[in-house]
């Protein structure tokens, strides 16, 4: 018996109105194993999903295989534009990339050149991720991209160097938290700037049946602030727990004998934290975010009330 064509693969497999459902969804989306998928596997998933959307079910396809194809498809193709995303910008690359960068930022935080280099690498990576996972189908110009990148890098480096100068007079443990403060500050600059076009022109909003109702800058503000909060929280376990452990370990004989082991241990600790923190923090807010019509711009409220009188809530993709 062939698989039914009525399964809604536009939505995630699990109930997105609950945190548990969203967490299961994001554990699948951020699975680092997805970056090892070959082009053939991605092309196959693309074909299965495209055919299914058109009502053509591959013979012998099971529901589990359909969902697996959907998650492979979603891991590599942008939800709004449909284009294949840059490998290191995909959510499945978040854990391996972040654990390496964060681990190194926290190991080499004492000298100015090391701070400059690792904060620059981190912001370059963030710029790629923010661009790859932007909401909507609006193109971002090279000029906007450059401004966001330079501003975030400057903000992160200035915060890190400024705090490093202050921490010379206090305990070494506090010094280890400087990279986290710099990353938090940079996220507050990088994400809004990288997505400034959405703040100026709005992001697409729809009713619950995906009928497009217009573009809203208020929805963009909500989407971007939710992303900033979840990104800062995502970084916190990996940047808050390892400093205490490393402070303790560096006093022990092992690391005194093998100081070169400090970076691999730090990277592994950060990686362990990120495997859990990345999906759980992505799950804090629904991907398909919503807001009341009464919170939209006045002219948009009027337009919706005139053309779609029954609509009370609007929905939009918040980006990641």
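Note: Cβ is positioned from N, Cα and C throughout, glycine not excepted.
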Listed range which TrEMBL flags as transmembrane segment, given the options 228-245, 246-263, 300-317: 228-245
Field: Annotated transmembrane segment segment (source TrEMBL; candidates 202-222, 265-285)
entry: 265-285
Query: Hey, which bits of the same chain come close to the transmembrane segment (228-245), Cβ under 8 Å, at least six residues off its ends?
result: 98-99, 102-103, 106, 173, 176-177, 179-180, 183-184, 187-188, 191-192, 266, 269-271, 273-274, 276-278, 281-282, 284-285
